Amino acid sequence: MAHLQSTITGGSATALVSSRRWWTLGTVALAQLMVVLDTTVVNIALPSAQHDLGFSDGERQWVITAYTLAFGSLLLLGGRLSDLVGRKRMFLIGLVGFASASALGGASTSFGMLIFARSLQGALGAMLAPTALAVLTTTFTIPKERSRAFGVFGAIAGAGGAVGLLVGGFVTEDLNWRWNLYINVVIAFFAVIMASIFIDKSRGGGPRPKLDLPGTILVSAGLFSIVYGFSNAETHGWGSPLTWGMLVGAAVLLCIFVLWQRRAVHPLLPLKIVLDRNRGAAFISVLIAGAGMFGIFLFVTYYVQTSLHYSPIQAGIGFLPMIGTLIVAAQLATNLLLPKMGPKIVVPAGMIVACIGLVALTRLGLESSYAGGLLPALMIVGFGLGLIMPTSIQTATYGVEGDFAGVASAMVNTSQQVGGSIGTALLNTLAATAATAYAASHLPVTPEVLAQAAVHSYSVAYWWAAGFFAFGALMSALLFRRHHADAHPTNPQATEPQHTGAHLAPVTTPGDSFEPFSTSAAFPEKHGRHELHGKHEKAGSGIGEGGFGQGSQAELAPDA
C-alpha cells in the first residue's frame, strides 16, 4: 500500500513538473511574441503617429532606427547578463522595462519623447529576447517536449512579423496608433504573472563570473555601427561616407573584439560557442534567413497595399495562410525531420523551398489575384521558413552549458537582427534603383508607369531575396556536419542530457572522452592546457579548437 501511494505521489509530482514546463513555454512565447510584434506593428502606426506628432518624412525613419540600434547593439550584453544575474530576474526586468517603455511611447506628446521611448524599448528588448530563449533552452531537455517547444518558438520567430502586420492593422483602424504600443503593456501584464509563478531561478550559490566590460563595449559599439551603417545606406545611399565609415568601423571593432575574447579570462562570448561547426552554421542560416525574411514582409506589404489596394487589416489577414503553413512546417521539422535527418538536410531543404516561393512572387503583376498569385507563393515561403527557423534555433542553442545559454541565445537574436538590417538596406536600395530605371526607360512617366515601376521593383527585390536563400542553401549544406545515426553521447552533464531528441556526440577520434563546453575547454591556455585530457589536444583541426573543421566539439545526432 505504501509502495502504491509512493508511486502515485511520484507520478503526480512528475505530471506537475511537466505541467510547469508547458506553462513556462506559454510565458516565453508571450514574451517572444511581444518582441517580434514590435518589429512590424509600429510600421502600420507610423503614418498616424506622424500626423499626430507632426514630424517630417525624414524623421519618420528614426522611429524604426532608434529601436533597432538599441536592440541590435545590446543583445549580447543582455544574453550574458541573464547568465550572470539569473534568467528569471532578467526576464522579469526585461518584461517590466519593455512594457514601461511601450507605455511611455504610447503616451508620447512629441517626436523626441517617442524616439527616447523607442530607444528604451530596444534596450529592454535586448535584455528580454535572449533571456526568453535561454529559459526555453534550459527548461526543455526531454526530446519530444524539446522538439515541440522549439517548434512553437521557431514559428513565432518566423511568423511574428506577419502577426504584427495583422495586429497593427486592426489596432490602427479600430483604435489609434498609440495602442500599437499600449498592447505590449497588456501582454506583459499576463507574462509577468506567469513568469513569477512558473519560471525557476537559474543562478546557483557559486561564485559569479565577472562581466567582460572591454568586450561588452567593443561588441556593442561594433554591432551599433553595423546596424547604423546599413540603416544609413537605406536612407542616404551606399555612396555616403557615413555609411562606409560606420561599416568599416564595425569591422575593425569586431575584429578587436574577437582578439580580446581569445585573451579574456571571463569572455563575454566564448569563441567555442561560435566556432562549433553546427552551431556556427546555424547562426549563419539564421542571418541569411533574416535577410530574406524581412524583405518578404516589407515588399509583400507594399504590394498588397499599393498595388492590390488592401487596407491594413486586409493586408494582415492576407498573411494568415502563410503563418498557418509556417506553424505546421515548424512542428514537422522539429518533431519528425530534425531527429531523423539532422540540420544538414532540413535547413538547406527549407532554404530551397523559400527560394522557390520567392521566385513565384516575382511573377506577380498589377492584374494578379490574391488566390491565384500571392496566396500559393506565400504558403510556399511560409513552409520554407518553418523548416529553417526552428531547426536553426534549436541547433544553435543545443549543447551549451547552462552558464552560457543566455549569450548563445543572444547570438541567435543578433544573427537575425543583423541579417534583417542587411536585407532591408540592400533590398530597399536595389528596389529603389530598379523603380527609377524602369520609369526612366518608359517615358513619359504616367501614373500607370509609376505603378508598373513599383511592381517591377518588388520583383527585383524578390529575385535578390531568392538569391539570399539559394546562397543559404549552399552554405548550410556545406557547413552543417553530416548526420550520424550511430553516435552516442558520453557525457550526461551538458545542458541537454542524452534524453534530447538530438544528442551531443563526440567527433574526435574513437575512444576520446567527451568534455562539455566550458571556458577551460575553449581556452586551455588560460586554464592550464595539460590539465585537460591529453587526447583533446589532438582533436582541433579546424578554425581554432573545435572550429569549422573536423575537430569541432560536437554534432547533432538522433537517439540510437
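Just so it is clear, glycine is given a Cβ too, placed from its N, Cα and C backbone atoms.
The transmembrane segment feature in TrEMBL is assigned to 22-42 (among others).
Sequence annotations record features per position, and here TrEMBL assigns domain 'Major facilitator superfamily (MFS) profile' to 24-484.
Within its own chain, the transmembrane segment (62-79) has Cβ neighbours under 8 Å at 38-39, 42-43, 46, 49, 90, 94, 114-115, 118-123, 125-131, 134, 216, 219-221, 223-224, 226-228, 231, 268-269, 406-411, 413-414, 417-418, 421, counting only residues six or more beyond its boundaries. Here TrEMBL flags 62-79 (among others) as transmembrane segment.
If one looks beyond the transmembrane segment (91-117) by at least 6 residues along the same chain, the residues whose Cβ comes under 8 Å of a Cβ in the stretch are 31, 34-35, 38, 49, 53-55, 59, 62-63, 66, 78, 82, 123-125, 127-129, 131-132, 135, 178-185, 187-189, 191-192, 195-196, 199. Residues or ranges marked as transmembrane segment by TrEMBL: 91-117 (among others).
Summarising the annotation, TrEMBL assigns transmembrane segment to 123-142 (among others).
The feature transmembrane segment is assigned by TrEMBL to 177-199 (among others).
Through the fold, the transmembrane segment (211-230) approaches residues 65, 68-69, 72-77, 80-81, 84, 242-247, 249-250, 253-254, 256-257, 260-261, 264, 266-269, 414, 417-418, 421-422, 424-426 of its own chain, all at least 6 residues removed from its boundaries and within a Cβ separation under 8 Å. Residues annotated as transmembrane segment in TrEMBL: 211-230 (among others).
The transmembrane segment annotation in TrEMBL covers 242-260 (among others). With a threshold of 8 Å between CB atoms, the same-chain residues lying at least 6 positions outside the transmembrane segment (242-260) that come near it are 214-215, 218-219, 221-223, 225-226, 228-230, 232-233, 236, 267, 271.
Beyond its flanks by at least six residues, the transmembrane segment (281-304) meets 40, 43, 158, 161-162, 165, 274, 310, 314-315, 318-319, 343, 347, 351, 354, 358, 361, 364, 370, 374, 378, 381, 385, 388-389, 392-393, 395-396, 411-412, 415-420, 422-424, 426-428, 431, 454-455, 458, 461-462, 464-466, 468-469, 471-472, 475-476, 479-481 of its own chain at Cβ-Cβ distances under 8 Å. The feature transmembrane segment is assigned by TrEMBL to 281-304 (among others).
TrEMBL lists 316-338 (among others) with the feature transmembrane segment. Outside the transmembrane segment (316-338), and at least 6 residues removed from its termini, the chain residues within Cβ reach (under 8 Å) are 144, 147-148, 150-152, 154-155, 158-159, 162-163, 165-170, 300, 304, 310, 345-346, 350, 370, 374-375, 378-379, 381-387, 389-391, 394-395, 501-502, 556.
Summarising the annotation, TrEMBL assigns transmembrane segment to 345-364 (among others).
Sequence annotations record features per position, and here TrEMBL assigns transmembrane segment to 370-388 (among others).
TrEMBL lists 418-440 (among others) with the feature transmembrane segment. A Cβ distance under 8 Å defines the sequence-distant neighbours of the transmembrane segment (418-440), meaning residues of its chain 6+ beyond its ends; these are 39, 68, 72, 223, 226-227, 230-231, 233-234, 237-238, 286-295, 298-299, 449-450, 452-454, 456-458, 460-461, 464-465, 468.
Annotation comment: TrEMBL describes 488-560 as region 'Disordered'.
Marked as compositional bias 'Basic residues' by TrEMBL: 527-536.
Annotation source TrEMBL lists compositional bias 'Gly residues' at 541-550.
With respect to Cβ pairs under 8 Å, the transmembrane segment (177-199) is most closely packed against 22-42, considering the stretches 22-42, 123-142, 345-364, 370-388. Counting same-chain residues at least six beyond the ends of the transmembrane segment (123-142), those with a Cβ under 8 angstroms from any Cβ of the stretch are 21, 24-25, 28, 31-32, 34-35, 38, 67, 70-75, 77-79, 81-83, 87-88, 90-91, 93-95, 97-98, 100-101, 149-150, 153, 199-200, 202, 393, 397, 400, 402, 405-410, 412-413, 495-497, 499-500. Averaged across the domain 'Major facilitator superfamily (MFS) profile' (24-484), pLDDT for the predicted model comes to 89. Among residues of the same chain six or more beyond the transmembrane segment (370-388), those with a C-beta under 8 A of the stretch's C-beta atoms are 154-155, 158-159, 285, 289, 293, 296, 300, 303-304, 308, 318-319, 321-330, 332-333, 337, 346-347, 349-358, 360-361, 363-364, 469, 472.
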